[in-house]
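Below you'll find the structure, written out as C-alpha cells, and then a few comments.
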Amino acid sequence: MSETPVPPAENADDKPMIDTRFYGRRKGKALKAGQKALMETLYPRLRLPLAGEAEVPTDLKALFPRPVQEVWLEIGFGGGEHLAHQADTHPDIGLIGAEPFVNGIGKLLKHIDEKGVENIRIYGEDIRPWLKELPDACLDKVFLLFPDPWPKTRHADRRFVNPWNLDVLARVMKDNTLFRVASDDMTYIRHTLSVVPVHPEFDWLVSGPEDWRVRWPDAIESRYEAKAHREGRTPKYLTFRRRPRA
Ligand SMILES: C[S@@+](CC[C@H](N)C(=O)[O-])C[C@H]1O[C@@H](n2cnc3c(N)ncnc32)[C@H](O)[C@@H]1O
C-alpha cells in the first residue's frame with residue numbers, strides 16, 4: 001500500500017488530531033487497452049481539477065454540461081457500477097464520483113462510455129482535501145458504499161467515517177439530505193453507528209430491521225457488495241439525514 005506523505009491535520013494547539021494520509025492503492029495492474037484509450041480521450045473531459053488546482057464554483061451544478069436539479073457525491077466509487085447506474089437512472093442529477101484508484105477510474109469510464117451518460121464528473125483523488133474547498137450546503141446526497149473497513153483498532157483513525165469528516169460533510173450537505181453508508185464489516189457498522197447518530201448534525205433514519213437489511217431500491221449491487229455476498233457476509237445499509245440548520 002502506498003502512503004502519501006501528508007502530515008496529520010492539526011488542531012488549534014498544534015496537536016495531531018486525525019491521520020489524513022491516504023492508505024489505499026492508487027495503481028493496480030496495467031489498464032486494458034480500451035480503458036487506456038478512454039483515459040486519454042474521455043477522462044480529460046470529465047476530470048475535475050484537484051484541490052488547490054482551481055477554484056470550486058459556488059454552484060456545483062455549473063460543473064455539468066446540461067442543467068441538473070441536484071448534485072450527488074459518491075466517495076470511493078470503486079469500479080463505478082453504482083455511480084454509473086445512478087447517473088443513468090437519474091439523468092436530471094449531476095453525479096460526482098471520487099476515487100484515487102486509477103483502475104477504478106478506468107472501469108467507470110468504460111461504464112460511462114457504454115451507457116452514454118453525460119452527468120458524471122470524476123474527482124480522481126482522495127476526496128478529503130476537496131471536501132474542505134466545497135461551498136456550504138452544495139450537496140443533495142452522499143454515498144459511501146463499502147468503505148475500506150480498517151477493522152483493527154490500531155487503524156481505526158483511517159476509517160472515513162469519523163467526527164472530523166462528518167463535520168465537513170455536515171457543512172457541505174444541504175438540510176434534510178441523505179448520507180448513505182453500506183458495509184459488510186460489522187466493526188465498521190458498529191463504528192458508524194457509534195459516531196454518526198451522536199453527531200449533532202445527523203440522524204439515523206430507522207424504523208425497523210428492513211431499514212438496515214435491505215439495499216436501497218434505487219441502488220444496484222456494487223463490486224464489493226457482490227464480493228461480500230459471494231463470501232457469505234451480509235451487508236448492512238444505513239441512511240442518515242443531515243438535520244436542518246437552526
Ligand atoms: C472497499 S472499496 C469499495 C468500492 C465501491 N464503493 C464498492 O462498493 O465496490 C473502497 C474504495 O474507496 C476508495 N477510497 C478510500 N478512501 C477514499 C477517499 N478518502 N476518497 C476517495 N476514495 C476513497 C478506495 O480507493 C477504494 O476504491
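Just so you know, glycine gets a Cβ as well, placed from its N, Cα and C.
Because TrEMBL annotations are produced automatically, they should be read as predictions rather than curated entries.
Residues annotated as S-adenosyl-L-methionine binding site in TrEMBL: GLU74, GLU99, ASP126, ASP148. Counting every protein chain shown, 17 other Cβ atoms lie within 10 Å of the Cβ of ASP148 (S-adenosyl-L-methionine binding site). Under the DSSP three-state reduction, ASP148 (S-adenosyl-L-methionine binding site) is assigned to coil, being neither helix nor strand.
Take the CB of LYS152 (substrate binding site) and look out to 10 A: across all protein chains shown you find 9 other CB atoms. Marked as substrate binding site by TrEMBL: LYS152, ASP184.
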ASP126 (S-adenosyl-L-methionine binding site): tally of other CB atoms within 10 A of its CB:
23
List nothing but the one residue from GLU74, GLU99, ASP184 whose Cβ has the fewest other Cβ atoms within 10 Å; the candidates are the binding-site residues.
ASP184
Write out, in the order they occur in the sequence, the residues of the chain not among GLU74, GLU99, ASP126, ASP148 that have a C-beta within 8 Å of the mean position of the C-beta atoms of the recorded S-adenosyl-L-methionine site.
GLY24, ILE75, GLY76, PHE77, GLY78, ALA98, PRO100, PHE101, GLY104, ILE127, PRO147, PHE160
Max Cα distance spanning GLU74, GLU99, ASP126, ASP148 (S-adenosyl-L-methionine binders), Å?
14
Measuring Cα to Cα, how many angstrom lie between ASP148 (S-adenosyl-L-methionine binding site) and ASP184 (substrate binding site)?
10
State the Cα to Cα distance, in Å, between ASP126 (S-adenosyl-L-methionine binding site) and LYS152 (substrate binding site), rounded to an integer.
21
